[in-house]
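K.L.:
Once you've had a glance at the structure underneath, I'll fire off some questions.
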Amino acid sequence: MTELPDNTRWQLWIVALGFFMQSLDTTIVNTALPSMAKSLGESPLHMHMVVVSYVLTVAVMLPASGWLADKIGVRNIFFAAIVLFTLGSLFCALSGTLNQLVLARVLQGVGGAMMVPVGRLTVMKIVPRAQYMAAMTFVTLPGQIGPLLGPALGGVLVEYASWHWIFLINIPVGIVGAMATFMLMPNYTIETRRFDLPGFLLLAIGMAVLTLALDGSKSMGISPWTLAGLAAGGAAAILLYLLHAKKNSGALFSLRLFRTPTFSLGLLGSFAGRIGSGMLPFMTPVFLQIGLGFSPFHAGLMMIPMVLGSMGMKRIVVQIVNRFGYRRVLVATTLGLALVSLLFMSVALLGWYYLLPLVLLLQGMVNSARFSSMNTLTLKDLPDTLASSGNSLLSMIMQLSMSIGVTIAGMLLGMFGQQHIGIDSSATHHVFMYTWLCMAVIIALPAIIFARVPNDTQQNMVISRRKRSL
C-alpha cells in the first residue's frame, strides 16, 4: 500500500467510504424500526417493509451493476451510486408516511446495489495485481466496522435525537464522497458483451412479485385472489427465465453453472439458510425494544456481541472446515443456530438479561461459520470461466433470501399478534415466543439440504480455492 501513488491511495479511500456507507445502513435501521413505527403512526408489525424494500432492490439491481460499470465507466457509476444513495437517505428522512419511506428506501437500494460491486471492480482496475489483496483488505475494513457501529449508533441517534438522523448522517458523507469520486476517480471502461435485458427483467419481475405475494395480504391489504395471481405471475417469470437461459448463450446467468453439483447444493442451501438467519438481525432489536422494553440505545448495544462473534469466527472457520469437512460443519452450525435462537428467547423470557450478550456472541459465531462455509462450498468447484457469474448469482441469492426472511418474520408477527401490541406485556411475550419457535424450525430445515453434501467435500478445499484465487 505504501508503494502506491498518492492519487491511487485517495481512490481507495473513496471506495472504502462507499463500503462503509453501505454496510452501516444494513444495521443502523433495524434498531430504529419501533421508533419509526411510533412516529409514522404505524404498527411495528408493518415496519419490516422498510428493510425488505432496500434488500430486495439490492438483489434486483446487483446483476446489472458490473455491466453498467464496464459500459459507462467505474467513475460515472460509482458517482451515480453515491448520489442515489444520498438522495434516497434525504427522502427517507423527509418521509411522513410508511409508503413514502419504502419508496425512498428503494431509491437508496439502487445506489447501495452498485456501490460495493463497482467498488471492488474499481480496485481491480487501479491497483497492480500483486497488491490487490492488501488493497481489498484496506477498503473492506470500514465495511466490517459499519455493522459493529451501526446498532449502537442507531440507538444513540434514536434515543437522543430522532430516527430521521440515521439517514441524515449519510448526507454530508455522501456529498464528500460524490465530489471526491468526480474529481479523483478515473473512468475506466471496457468493451462489453450485450446486456441480457430480457433475462434481467424476467428475474427482477419474478423476485419482486413473489416477495410481494408472500406478504401482500398483511402489509398492503391485497385480496387472496390477487395474491394468487401475483404468485403465479412471479413463478411464471422465473420459469420463462430458465427457458430463456437454456436457449441463450449470453444469458445473465448460464444454466451451465448448475452442472457443478456443489454449486447447486450450495446455492440451494444458501437460499434456504439465509431465509432463516436473515430474520435474526431484524427480529432481535425489535424484540428487545417491544418485547422486553429496552431503550433503543440499550438494544443497539446488545447487538454488538453478535457482530463481534461473527468477526472473530472468520479467523478460524477455515481450520474448522478443513478439520471436520463441509457436511459436518454445515449441518452442525445449521442445527446449532436454531438451538441458539431458542436459547436466546428462553434466556430473555426468564429474565436472565445478563446472559443475553453471551448468547448473542455465540449466535454470531455460529452464524458466521455457517455463512463462510456456505459461500465457499458454493463457489469452490466452479471452473474459472464461470466463477464470476457464479459469484454474482450467489450475491443476488443472498440478498433475495434475506428479504424473504424478513418478510416471513413480519408475516409471522402479524399472524400471532394484533395490529397494535403492547410493550413488555405477557401477550407480547407470547407473540414473540411463537414467532421464535417458527423461526427456529425455518432455520433448522436447511440441514436436510446440507446432509446431502458429498463426503469428499472436505479437507484442504478451502485453502486450495483461496490459493487459486490469489
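Cβ coordinates come from backbone N, Cα and C, glycine included.
Fair warning: this is a prediction, and the values are worked out from it, not measured in the lab.
The following feature annotations were taken from Swiss-Prot:
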type: TOPO_DOM; residues: 1-11; note: topological domain 'Periplasmic'
type: TOPO_DOM; residues: 33-48; note: topological domain 'Cytoplasmic'
type: TOPO_DOM; residues: 70-76; note: topological domain 'Periplasmic'
type: TOPO_DOM; residues: 98-101; note: topological domain 'Cytoplasmic'
type: TOPO_DOM; residues: 125-137; note: topological domain 'Periplasmic'
type: TOPO_DOM; residues: 159-164; note: topological domain 'Cytoplasmic'
type: TOPO_DOM; residues: 186-196; note: topological domain 'Periplasmic'
type: TOPO_DOM; residues: 218-221; note: topological domain 'Cytoplasmic'
type: TOPO_DOM; residues: 243-262; note: topological domain 'Periplasmic'
type: TOPO_DOM; residues: 307-341; note: topological domain 'Periplasmic'
type: TOPO_DOM; residues: 363-395; note: topological domain 'Cytoplasmic'
type: TOPO_DOM; residues: 452-470; note: topological domain 'Cytoplasmic'
type: TRANSMEM; residues: 12-32; note: transmembrane segment
type: TRANSMEM; residues: 49-69; note: transmembrane segment
type: TRANSMEM; residues: 77-97; note: transmembrane segment
type: TRANSMEM; residues: 102-124; note: transmembrane segment
type: TRANSMEM; residues: 138-158; note: transmembrane segment
type: TRANSMEM; residues: 165-185; note: transmembrane segment
type: TRANSMEM; residues: 222-242; note: transmembrane segment
type: TRANSMEM; residues: 263-283; note: transmembrane segment
type: TRANSMEM; residues: 286-306; note: transmembrane segment
type: TRANSMEM; residues: 342-362; note: transmembrane segment
type: TRANSMEM; residues: 396-416; note: transmembrane segment
type: TRANSMEM; residues: 431-451; note: transmembrane segment
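Provide an account of the burial state, proximal residues and distances for the features listed.
P.N.:
For the topological domain 'Periplasmic' (1-11), the model's average pLDDT works out to 72.
Beyond its flanks by at least six residues, the topological domain 'Cytoplasmic' (33-48) meets 95-98, 101, 158, 162-163, 215, 218-219, 282, 285-286, 289-290, 296, 406-407, 409-410, 413-414, 417, 419-421 of its own chain at Cβ-Cβ distances under 8 Å.
Residue counts for the topological domain 'Cytoplasmic' (98-101) under DSSP, split into helix (H, G, I), strand (E, B) and coil, are 4 helix, 0 strand, 0 coil.
Summarised by DSSP class, the composition of the topological domain 'Periplasmic' (186-196) is 0 helix, 0 strand, 11 coil.
Using a Cβ-Cβ cut-off under 8 Å and counting only residues 6 or more beyond its ends in the same chain, the topological domain 'Periplasmic' (243-262) has close neighbours at 63, 193-194, 196, 198-200, 202-203, 377-378, 380-383, 386, 389-390, 392-393, 453-454, 457.
Residues 62-63, 66, 117, 253-254, 256-257, 260-263, 265-267, 269-270, 273, 277, 280, 305-314, 317-318, 320-321, 326, 329-330, 333-334, 336-337, 340-341, 344, 453, 457, 461-462, 465 of the same chain lie 6+ residues outside the topological domain 'Cytoplasmic' (363-395) yet bring a C-beta within less than 8 angstroms of a C-beta in it.
Residues 1, 4, 50-51, 54, 78, 81-82, 85, 108, 112, 115-116, 119, 122-123, 126-127, 135, 138-147, 149-151, 153-155, 157-158, 163, 166, 170, 173-174, 176-177, 180-181, 184-185, 281-282, 284-286, 289, 296, 299-300, 303, 307 of the same chain sit 6 or more residues outside the transmembrane segment (12-32) yet have a Cβ under 8 Å from a Cβ within it.
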K.L.:
Any contact between the transmembrane segment (263-283) and the transmembrane segment (431-451)? By contact I mean 3+ C-beta pairs closer than 8 Å, pairs at least 6 apart along the chain.
P.N.:
yes
K.L.:
How many of the residues that make up the topological domain 'Cytoplasmic' (159-164) does DSSP mark as helix, as strand and as coil?
P.N.:
2 helix, 0 strand, 4 coil
K.L.:
Can at least 3 Cβ pairs under 8 A be found between the transmembrane segment (77-97) and the transmembrane segment (165-185), with each pair 6 or more apart in sequence?
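P.N.:
Yes, the stretches contact each other.
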K.L.:
Near the transmembrane segment (138-158), which same-chain residues lie under 8 Å Cβ to Cβ, leaving out any that are not at least 6 residues past its ends?
P.N.:
1, 12, 15-17, 19-32, 35, 116, 119, 123, 165-166, 169, 285, 295-304, 307-308, 310-311
K.L.:
By DSSP, what is the split of the topological domain 'Periplasmic' (125-137) into helix, strand and coil residues?
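P.N.:
So the counts come to 11 helix, 0 strand, 2 coil.
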K.L.:
In the same chain, which residue numbers or ranges, 6 or more beyond the ends of the transmembrane segment (165-185), come under 8 angstroms Cβ to Cβ?
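P.N.:
Those are 7, 10-11, 13-14, 17-18, 21, 25, 28-29, 32, 74-75, 78-79, 82-83, 85-86, 89-90, 92-93, 122, 153-154, 157-158, in sequence order.
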K.L.:
Cβ pairs under 8 Å only, please: of the recorded stretches 49-69, 396-416, 431-451, which one is richest in them relative to the transmembrane segment (286-306)?
P.N.:
431-451
K.L.:
Need a quick answer: max count of Cβ pairs under 8 Å to the transmembrane segment (342-362), which of 49-69, 102-124, 222-242, 396-416, 431-451 is it?
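P.N.:
Highest pair count goes to 431-451.
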